[in-house]
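S.K.: Provided herewith is a single structure, encoded as C-alpha cells, for subsequent inquiry.
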Amino acid sequence: MNNIWWQTKGQGNVHLVLLHGWGLNAEVWRCIDEELSSHFTLHLVDLPGFGRSRGFGAMSLADMAEAVLRQAPDKAIWLGWSLGGLVASQIALTHPERVQALVTVASSPCFSARDEWPGIKPDVLAGFQQQLSDDFQRTVERFLALQTMGTETARQDARALKKTVLALPMPEVDVLNGGLEILKTVDLRQPLQNVSMPFLRLYGYLDGLVPRKVVPMLDKLWPHSESYIFAKAAHAPFISHPAEFCRMLVALKQRV
C-alpha cells in the first residue's frame with residue numbers, strides 16, 4: 001500500500017486538513033501554514049500521485065478520497081482548493097461523520113461548462129489533456145498562469161505557484177491526465193444538496209477557472225452553505241489575500 005505524504009503542524013484543538021489543486025502539492029500552503037498552525041492542528045497533504053505522494057497512477061475521485069482518508073484524523077475541518085475541493089466534497093458526502101465543516105476554495109462542484117452552467121469549456125480541458133503528452137511542463141505552467149490572471153499581484157502570485165510546482169518532481173502524465181478527467185466529468189451539484197455540516201465556499205471575483213456566476217446559483221441550490229467572494233482575488237485567494245483568508249478560517253473554527 002502506497003502512503004500519502006502527510007505533515008502535521010501545530011496543536012490546536014480543531015484539526016484542519018488542506019488539500020491542494022491540480023498539478024500542485026502541499027508546498028502551496030507555505031504562505032499561510034504558520035498562521036493557521038497557531039490556531040489549528042494543521043494537516044498538509046500531497047494528493048495521491050502529486051508532490052511527494054509517489055507511486056500512484058490516475059485515480060477516480062472516489063478512490064482519491066478514500067486514499068486520503070486512510071491517513072486522516074478521526075474528525076477535521078476539510079478544506080479543498082480547486083480540484084482538492086472536489087476531493088474534500090467527496091469525503092463530506094461519503095464520510096460525513098469525519099467532517100466537522102467543509103470549506104471549498106475557488107472550486108466548483110462541476111468545473112466543466114454544461115447547459116446553463118458556467119464553467120471551463122470541455123474542449124479547453126480536452127486541449128490541456130492533449131498538450132500534456134506533448135510538453136507537460138509548459139502545459140502545467142499555462143494552467144498556473146490562468147489561475148492568477150487579472151489580480152494586482154498576478155506576476156508574483158504566478159511565480160509563487162510555479163515555485164511550488166518546481167520545488168518537487170513533476171507528477172506523472174497519467175496522474176495529471178486523471179486529474180483533468182475528474183475536472184472534466186465530475187458533477188456534485190445535486191449530491192451536495194444533502195450535506196448537513198457547516199459548509200463555507202470561498203471564491204475570487206477575478207477567477208478565470210471558476211466563474212463568479214456560479215456563486216448565486218449555488219447559494220440557491222445549497223441554501224445551507226455560506227459563500228464569500230474575495231473582491232480582488234483570482235483562483236488562489238490564499239496567496240493574494242493570506243491574512244483575510246486565515247481570518248475567515250479562524251472565524252469558522254469558533255462555530256464548529
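Glycine residues also receive a Cβ, built from the backbone N, Cα and C atoms like all the rest.
Got these off Swiss-Prot a minute ago, pasting:
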type	residues	note
ACT_SITE	SER82	active site, nucleophile
ACT_SITE	ASP207	active site
ACT_SITE	HIS235	active site
BINDING	TRP22, SER82, LEU83, PHE143, LEU144, ALA145, LEU146, GLN147, HIS235	substrate binding site
DOMAIN	15-242	domain 'AB hydrolase-1'
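So where do these features actually land, and what's packed around them?
M.R.: The Cβ of SER82 (active site, nucleophile) has HIS20, GLY21, TRP22, VAL105, ALA106, SER107, LEU209, VAL210, HIS235 as same-chain neighbours under 8 Å, each 6 or more residues away in sequence.
Taking the Cβ of ASP207 (active site) as reference, residues of its chain lying under 8 Å away and at least six apart in sequence are, in sequence order, ALA106, ALA233, ALA234, HIS235.
Within 10 Å of the C-beta atom of TRP22 (substrate binding site) sit 26 other C-beta atoms, taking all shown protein chains into account.
Looking only at the domain 'AB hydrolase-1' (15-242), the predicted model's pLDDT averages out at 95.
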S.K.: Within 10 Å of each Cβ, count the other Cβ atoms, then let me know which of the binding-site residues LEU83, LEU144, LEU146 comes out lowest.
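M.R.: Comparing Cβ neighbour counts within 10 Å for the binding-site residues LEU83, LEU144, LEU146 gives LEU146.
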S.K.: Helix, strand or coil at TRP22 (substrate binding site), per DSSP?
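M.R.: Its secondary structure by DSSP: coil.
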S.K.: Check the DSSP secondary structure of LEU144 (substrate binding site), expressed as helix, strand or coil.
M.R.: helix
